[in-house]
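**Q** Just passing along the structure, written as structure tokens.
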Amino acid sequence: MRAPLLPPAPVVLSLLILGSGHYAAGLDLNDTYSGKREPFSGDHSADGFEVTSRSEMSSGSEISPVSEMPSSSEPSSGADYDYSEEYDNEPQIPGYIVDDSVRVEQVVKPPQNKTESENTSDKPKRKKKGGKNGKNRRNRKKKNPCNAEFQNFCIHGECKYIEHLEAVTCKCQQEYFGERCGEKSMKTHSMIDSSLSKIALAAIAAFMSAVILTAVAVITVQLRRQYVRKYEGEAEERKKLRQENGNVHAIA
């Protein structure tokens with residue numbers, strides 16, 4: 001068999017030079033195109049998907065979903081990394097998270113300054129009076145409620161507080177009685193006054209009856225006299241008539 005004929009050396013060299021030139025030109029074009037479209041290669045959408053460059057889309061490749069956002073231990077960008085460092089530097093305060101964007105923390109009282117602590121220490125501390133068992137408190141005189149709560153309790157009297165009974169009473173004025181001295185007593189007549197009044201009433205009744213009887217007697221007497229006078233006048237007229245009649249008969 002005959003060996004295949006090899007191309008001449010100048011042709012091979014020219015092909016190699018042309019291929020290297022095309023390769024170098026293709027690399028320069030890819031670098032410039034990738035520099036212009038750099039935001040698309042590294043952008044992430046709001047839902048956590050990575051968007052490929054236009055060169056990849058033009059070549060027919062589809063948008064490939066990327067897995068969930070990287071964990072806090074591996075930040076995806078410089079901004080996220082800065083926030084994570086800030087959260088790490090903050091003091092850990094116990095709290096609870098209501099939402100992804102809201103964090104509720106407990107209120108912590110700020111520490112006192114040295115000046116405030118010195119001012120508080122300069123103030124004299126009040127000494128507690130009385131022993132531990134409170135004997136002196138028991139021996140203290142209790143406040144009189146008549147001076148505060150029951151100041152206007154008694155209407156017509158004076159308020160009195162009885163300590164051993166722990167009760168409030170009223171010392172009423174004359175002619176007043178009751179719990180609050182609000183009732184007034186009326187004066188009652190003695191037996192002598194009542195008997196005198198009875199005697200006076202009897203005398204008045206007797207006098208009135210006597211007056212009435214005398215008036216009746218006087219009236220009856222006057223009526224009788226009038227009747228008698230009238231009767232006597234009629235009798236005299238009858239006598240005169242009889243006398244006249246007798247004289248007439250005698251003449252006839």
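Just so it is clear, glycine is given a Cβ too, placed from its N, Cα and C backbone atoms.
For reference, Swiss-Prot lists these features for the protein:
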| type | residues | note |
| --- | --- | --- |
| COMPBIAS | 38-47 | compositional bias 'Basic and acidic residues' |
| COMPBIAS | 54-77 | compositional bias 'Low complexity' |
| COMPBIAS | 124-143 | compositional bias 'Basic residues' |
| DISULFID | CYS146-CYS159 | disulfide bond |
| DISULFID | CYS154-CYS170 | disulfide bond |
| DISULFID | CYS172-CYS181 | disulfide bond |
| DOMAIN | 142-182 | domain 'EGF-like' |
| CARBOHYD | ASN30 | N-linked glycosylation site |
| CARBOHYD | ASN113 | N-linked glycosylation site |
| CARBOHYD | ASN119 | N-linked glycosylation site |
| SIGNAL | 1-19 | signal peptide |
| TRANSMEM | 199-221 | transmembrane segment |
**Q** Would you identify the secondary structure of CYS146 (disulfide bond) according to DSSP, in three states?
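**A** In the DSSP reduction, CYS146 (disulfide bond) maps to helix.
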**Q** For CYS170 (disulfide bond), which residues of its chain lie six or more apart in sequence with Cβ-Cβ distance below 8 Å?
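**A** Same-chain residues close to CYS170 (disulfide bond) (Cβ under 8 Å, separated by 6 or more) are PHE153, CYS154, GLY157, GLU158, CYS159, LYS160, GLU179, ARG180, CYS181.
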**Q** List the Cα distance (Å, whole number) between CYS146 (disulfide bond) and CYS172 (disulfide bond).
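**A** Roughly 15 Å, rounded to the nearest whole number.
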**Q** Which one is it: of the disulfide-bonded residues CYS146, CYS159, CYS172, which Cβ has the fewest other Cβ atoms within 10 Å in this structure?
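**A** Across CYS146, CYS159, CYS172, these disulfide-bonded residues, the one with fewest Cβ atoms within 10 Å is CYS146.
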**Q** Go through CYS154, CYS181, our disulfide-bonded residues, and report the one whose Cβ sees the most other Cβ atoms within 10 Å.
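**A** Of the disulfide-bonded residues CYS154, CYS181, the highest Cβ count within 10 Å belongs to CYS154.
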**Q** Would you report the average pLDDT that the model assigns to the domain 'EGF-like' (142-182)?
**A** 87
